[in-house]
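Lifted from TrEMBL, the feature list:
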- Cys2: active site, for GATase activity (ACT_SITE)
- Asp97: L-glutamine binding site (BINDING)
- Leu256, Ile288, Ser363, Gly364: ATP binding site (BINDING)
- 2-191: domain 'Glutamine amidotransferase type-2' (DOMAIN)
- Glu365: site 'Important for beta-aspartyl-AMP intermediate formation' (SITE)
Amino acid sequence: MCGIWALFGSDDCLSVQCLSAMKIAHRGPDAFRFENVNGYTNCCFGFHRLAVVDPLFGMQPIRVKKYPYLWLCYNGEIYNYKKMQRHFEFEYQTNVDGEIILHLYDKGGIEQTICMLDGVFAFVLLDTANKKVFLGRDTYGVRPLFKAMTEDGFLAVCSEAKGLVTLKHSTTPFLKVEPFLPGHYEVLDLKPNGKVASVEMVKYHHCRDEPLHALYDNVDKLFPGFEIETVKNNLRILFNNAVKKRLMTDRRIGCLLSGGLDSSLVAATLLKQLKEAQVQYPLQTFAIGMEDSPDLLAARKVANHIGSEHYEVLFNSEEGIQALDEVIFSLETYDITTVRASVGMYLISKYIRKNTDNVVIFSGEGSDELTQGYIYFHKAPSPEEAEEESERLLRELYLFDVLRADRTTAAHGLELRVPFLDHRFSSYYLSLPPEMRTPKNGIEKHLLRETFEESNLIPKEILWRPKEAFSDGITSVKNSWFKILQEYVEHQVDDAMMANAAQKFPFNTPKTKEGYYYRQIFERHYPGRADWLSHYWMPKWINATDPSARTLTHYKNPGHMERLHVSLG
């Protein structure tokens, strides 16, 4: 987890422009480098480093003697870099996983390169010999990337939008900044004057397709067919492998644990893998909640069962409300569900950074979208429509859950790892017949639960614990977090403001006082940038006016807790 920033064809003084790069310093607290590109006085790279692998040679932009014309700035982890190195007999000059991008590019060009990367990444690759610039982002957008480009060919890219919004350019008073789409790469021509021209934007991978790098995987042989025992066995193999490959780091690993199914499976599998790898430190797990929080109780049960060194972080409603401004600034969104779920994750990340030496943090993100875990999936008209909705949610992860997970942890210099979004695991899960993946017997994620039924990885009552929205599970059953927020906001936004909401905010007009309040904070930090969020996150197939699961009729009662929106999993 690092912060990348690059400019091509800047008309302004670079030493002034580079101040914008400091806006993402939180992503890389260990070191910073700012480097001009030889021969192009108006092109440069900025890099904030969180040293996770190769403390000696890990600074960027990465350049190696063999390819003096290649410059690489990337944020992410490439889990199969050693396998690729051995397979193609590449000679590495560093221990940095990203070096593989240079070798693969030299060997087979950008398309071959990006399809071979098993991991999460956002990168800028400059080839001065062939006068090309390449941008790329992983399938689900686990690592963030934003870009701004003007008609005259000025290009600016950054891990977070906040590193671009204050940039100046002579041809435009307001630089349009937008997220770079996940699962895509872009090819741009580099002109002699340092400006660029876009040649093509390519979607290189669909989440349903088995990735090309699977050909070089050493995962156990999967068995063919959709017989239930076969499927369960394959899922266990792939999930174990997804966790195992993510152990790649020179820094201490911890895990978020909400006591929900997803984070519990991740924590239990992680602990098992760390023992097998003979890691010398105990796994620390972290839960957050207010007093009387169901998540804290459930997480405690899991921690006792798996034997982790467990920490509970308590916060009160006042602390949560006070954090809203910082949280919305970090997130760069005003989506109601995302903001609600981010407060707990932001506060627990702050605690981990301040009180422990964990840097790499595992979490259960992505499972709800992949395994149809949201409670409204019970209302899906057919397995095929449920499948379609699941894929839509995965495509939009970069606007919601993956955005929240990255920004709340990166704000405190932590690197998040999400095994449920592993390419091999997710593409296999999506290849299963649609009817296998739907809720069964009134229980969502039935297949995932059944898969680990006999494993004794986690307590049975947790394995079959119905879902609870993280933003609800962290508070007591008596007083949901969303209700606490709504009661507070009631005194901050009056009826006259709401009556004028459509005039003030014509795009994505907030329908509630809570939505209005978040939007006000967002506009204060990022005026005129509302289009970063194309639409609010809302459940489908039901007449919901609020995204919280506790407002839905399917939500049984306090003894049967459902979770609509994921955070720690």
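Heads up, the Cβ atoms here are built off N, Cα and C, so glycines get one too.
TrEMBL feature annotations superimposed on the structure.
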residue: Cys2; record: active site, for GATase activity; CB count, 10 Å: 27
residue: Asp97; record: L-glutamine binding site; CB count, 10 Å: 25
residue: Leu256; record: ATP binding site; CB count, 10 Å: 30
residue: Ile288; record: ATP binding site; CB count, 10 Å: 29
residue: Ser363; record: ATP binding site; CB count, 10 Å: 27
residue: Gly364; record: ATP binding site; CB count, 10 Å: 28
residue: Glu365; record: site 'Important for beta-aspartyl-AMP intermediate formation'; CB count, 10 Å: 31
Cα distance, Leu256 (ATP binding site) to the residue listed as 'active site, for GATase activity', nearest Å?
20
Could you state the CA-to-CA distance between Leu256 (ATP binding site) and Glu365 (site 'Important for beta-aspartyl-AMP intermediate formation') to the nearest Å?
10
Per the record, ATP is bound by Leu256, Ile288, Ser363, Gly364: how many Å separate the farthest pair of Cα atoms?
15
Quick one: mean pLDDT on the domain 'Glutamine amidotransferase type-2' (2-191)?
93
What is the interatomic distance between the Cα atoms of Glu365 (site 'Important for beta-aspartyl-AMP intermediate formation') and the residue listed as 'L-glutamine binding site', given in whole Å?
23
In angstrom units, rounded to an integer, how far apart are the Cα atoms of Ser363 (ATP binding site) and Asp97 (L-glutamine binding site)?
22
Alpha-carbon spacing, Ile288 (ATP binding site) to the residue listed as 'L-glutamine binding site', which is rounded to whole Å:
33
